[in-house]
Ligand SMILES: O=P(O)(O)OC[C@H]1O[C@H](OP(=O)(O)OP(=O)(O)O)[C@H](O)[C@@H]1O
Ligand SMILES: O=C(O)c1cc(=O)[nH]c(=O)[nH]1
């Protein structure tokens, strides 16, 4: 999943530096899946920091090219990966589209926004993988439109078994810049996460779908 350990460490450090990692065990976050969680990784904040978004742009751009060459199109999963996906497309000089969670109820009623032709090769950019459901929903839409999905690159994954299984079942290749183990290692080393919080996270990580504060 991780292509480069240095990038995984550096990305984790940058996420901590911009306070993209939020810990609220007493007032848990509700995730897209409905799971309650003491942690939230808000990659959207990356866009507010030009130097850091340039780092992510370049690392993702280079990794896409190393893994898949230049696809016909880069697709971002809305909304979290519209900005990030656009940066990657720009870095590679490629067309960009994005995929909504659901088709619009008005206008052209599109689920896929932008120009996508049948049999075009597509690399999907996602900001974060928890269960993988949102990302694979986008893949389904693209495949229904006749796209040939080369693979997916995300900034961060929690590395849950359920995501691995979901991606394997759909036969989609997934790589990420960083992951939960690199993040918690750097966070513990730097003191961003205190020992008590680390214990909560370890407890949560054993059974995240059932965790309660
Ligand atoms: O792997 P999953 O369990 O599907 O969860 C991860 C998804 O959740 C977040 O999106 P969110 O639904 O919060 O919407 P947003 O991108 O519009 O912020 C994130 O951007 C991923 O797309
Ligand atoms: O699963 C989610 O909804 C989710 C988790 C997380 O840490 N960050 C995020 O943006 N979404």
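Note that Cβ sites are derived from N, Cα and C of the backbone, with glycine treated the same way.
When the ranges 46-72, 73-99, 100-126 are checked against TrEMBL, the one recorded as transmembrane segment is 73-99.
Among the binding-site residues 100, 106, 130, the residues whose Cβ sits under 6 Å from any atom of ligand 1 are 130.
Residues from the binding-site residues list (100, 106, 129, 130, 131) with a C-beta closer than 6 Å to any atom of ligand 2: 130. Mapped onto three states, the DSSP output places residue 130 (orotate binding site) in coil. Counting only same-chain residues 6+ beyond the ends of the transmembrane segment (73-99), those with a CB under 8 A from a CB of the stretch are 43-44, 46-47, 53, 56-58, 60-61, 64-65, 111-116, 120-128, 134-135, 138, 141-142, 147, 153-155. Comparing the binding-site residues 100, 106, 133 on other C-beta atoms within 10 angstroms of each C-beta gives the minimum for 106. Helix, strand and coil content of the domain 'Phosphoribosyltransferase' (56-148), in residues and according to DSSP, is 36 helix, 21 strand, 36 coil.
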